[in-house]
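Quick look at what Swiss-Prot annotates:
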| type | residues | note |
| --- | --- | --- |
| ACT_SITE | Pro2 | active site, schiff-base intermediate with DNA |
| ACT_SITE | Glu3 | active site, proton donor |
| ACT_SITE | Lys57 | active site, proton donor |
| BINDING | His90, Arg109, Lys150 | DNA binding site |
| ZN_FING | 235-269 | zinc finger |
| ACT_SITE | Arg259 | active site, proton donor |
Amino acid sequence: MPELPEVETSRRGIEPHLVGATILHAHIRNGRLRWPVSDEIYRLSDTPVLSVQRRAKYLLLELPDGWIIIHLGMSGSLRILPEALPAEKHDHVDLVMSNGKILRYTDPRRFGAWLWTKELEGHNVLAHLGPEPLSDEFNGEYLQQKCAKKKTAIKPWLMDNKLVVGVGNIYASESLFAAGIHPDRLASSLSTEECDLLARVIKAVLLRSIEQGGTTLKDFPQSDGKPGYFAQELQVYGRKGEPCRVCGTPIVATKHAQRATFYCRHCQK
């Protein structure tokens, strides 16, 4: 599933081609996604794009009369095409732009979403989200306050969008390794120093992944079709049985709620 760095990479990739250009029309080949493509998107015509923003894992296209909310789901991706190239089986949505470019949405599993709203504030998919992990609001003090009475393991708690948005499975595993914290530790057991460190390394890991264009494991390419390169720097995720890059101990893989967790028994306490 694309996580925050992959979505931010998409935002940065498509923004220069959309902002200042006009959507001539939308071509919806298959509107049966996680939720049906909103009727307003079918009717788009001669509509300028004012900005391309991101909230959590949602891409937000600002238009004069409302917003398109895009979620990539499990396997979705966006590409900028220089012209109207023939569509393939899983190419479900095109935005045809006045500058000759095409924004093409591809989603083999069709678990993404293209929604429309007049106002972002209060929209049900955005209403209950925690702070952005790269914001000043997300820091050690905030994390300690939220963890203090939480009797659940720290890894699934980090992946809860009510705590902080966009820290998915890959980056939760990588951040906990960087902080030396075992994923099964109770959130309430973290010290002030550990919360400070964890907040800092989450920011560092996410920023580094964004710089590398995200992590390409199976489905996610960048908006230009190229892979993300952070996978080459992964310390624990997807490395079951391989030696820890720090101590040489074999990386362990377990499952919690059907999600894989990777860690080093020696480095993480």
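Residue numbering: from 1, along the chain as shown.
Yeah, the Cβs are placed from backbone N, Cα and C, and that goes for glycine too.
Residue pairs drawn from His90, Arg109, Lys150, the listed DNA binders, are separated by up to 41 Å at the Cα level. DSSP assigns Glu3 (active site, proton donor) to coil in the three-state reduction, outside any helix or strand.
Between the CA atoms of Lys150 (DNA binding site) and Lys57 (active site, proton donor) there is a gap of 24 Å, rounded to the nearest whole number.
As a summary of secondary structure, the zinc finger (235-269) carries 0 helix, 12 strand, 23 coil according to DSSP.
When the Cα atoms are compared, Arg109 (DNA binding site) and Pro2 (active site, schiff-base intermediate with DNA) turn out to be 13 Å apart.
Remote same-chain residues near the zinc finger (235-269) are listed as 153, 155-156, 159, 169-170, 173-174, 176-178, 180-183, 217 (criterion: CB distance under 8 Å, separation of at least six residues from the stretch ends). Among the recorded positions listed here, namely Lys57, His90, Arg259, Lys57 has its C-alpha nearest to that of Glu3 (active site, proton donor). Under 8 Å, Cβ to Cβ, and six or more positions away along its own chain, Arg259 (active site, proton donor) finds Pro156, Met159, Asn169. Distance between Cα atoms for Pro2 (active site, schiff-base intermediate with DNA) and His90 (DNA binding site): 17 Å, as a whole number. Set side by side, the recorded positions Lys57, His90, Arg109, Lys150 differ in how many other CB atoms lie within 10 angstroms of their CB, and the most is found at Lys57.
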